[in-house]
Amino acid sequence: MMPQMSPSEQTFGIILCFLSVLLLVLYWRIVYILVSRKHYRQHFCYRLVVQLGLVYCMVTPALILEGLRSMGLSESSYLAVISGTLLSTVVRAEVLLHFVLALDRLRVICGLKYLQAILAVLVFFTWTYSVSYAVIMLIFNFEPHLPSENTIPLKFVLLQKISTLLVIMFTTASITVYLMITIFLIRVRILIKTTIGYTTEMPMLFFGMSRFVISSMVTLSYNIVQLPSTQLSTYVTSTGHLVNYLFISVILQLLFFRTLRRQFFPCGKQNVPLTSVIPVTKTVRGNS
């Protein structure tokens, strides 16, 4: 028997499902542009942005399931398990991909010589780890009995602790890398008294830093602020995920990527060449 939901819950569920699908369509247009254009596919950083987009799109089914649960159209416990697992997986995959993007910015802007293959290995690890985590958690949570604190096997407690530790480690590492890039750019500004032009690399850096800071603040607030178990808390949490992963991500990409913005809107110019920056280390060394 389906649960009886209040009119406000049903209205919220309808709005959540509608906005989730709408933003998914907009995001898929961005992903399609990045995948279909050769000049984007040739850049490792844009391939990372595509993968981040695929991760963020995983939020949509989680939010739709939450919307269906709010409308009382299915068993709430099972929907909550699937939705929670998807969102948890998104957080972990995003943290690792942000670290790879930060390393790529460090490699390009600072002119470092380490192989791009190392970053490819990190990307492979990200997807392997994220998919494995999601599968294990879904298998465990759909066992005949629902787990409680006293019945959760030690191996799953250990998995969650290791997963949390990895999130903390890679978040700290990303902060460190972005600080290194910032210090390097300040040094360049002081030594050669100029700024790097509006090229492919700097907008990508600004996008990566902005996306990382916003997601980190949202995740931190969810872990620090203990919301009461009320329907209002569900509204706030679901809306936060919708805005953070789908709405803000679309806005940031259209804001920082000028070429993508022109291609996204039909009235814009379609054939705008991408430019690439020469690592400023060459300039610094040439003037020092």
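Cβ coordinates are placed from backbone N, Cα and C, and glycine is handled just like the others.
These features come from TrEMBL:
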type: TRANSMEM; residues: 12-32; note: transmembrane segment
type: TRANSMEM; residues: 44-65; note: transmembrane segment
type: TRANSMEM; residues: 77-102; note: transmembrane segment
type: TRANSMEM; residues: 114-142; note: transmembrane segment
type: TRANSMEM; residues: 162-192; note: transmembrane segment
type: TRANSMEM; residues: 204-222; note: transmembrane segment
type: TRANSMEM; residues: 242-260; note: transmembrane segment
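Sequence-distant contacts of the transmembrane segment (242-260) (same chain, at least 6 residues past either end, Cβ-Cβ under 8 Å): 16, 19-20, 23-24, 26-27, 30, 33-34, 49, 52-53, 56, 59-60, 63, 90, 198, 203-204, 206-207, 210-211, 214-215, 218, 272-274. Residues 5, 50, 53-54, 56-57, 59-60, 63-64, 66-71, 73, 235, 238-239, 242, 246-247, 249-250, 253-254, 260, 264 of the same chain lie 6 or more positions beyond the ends of the transmembrane segment (12-32) yet place their CB under 8 Å from a CB of it.
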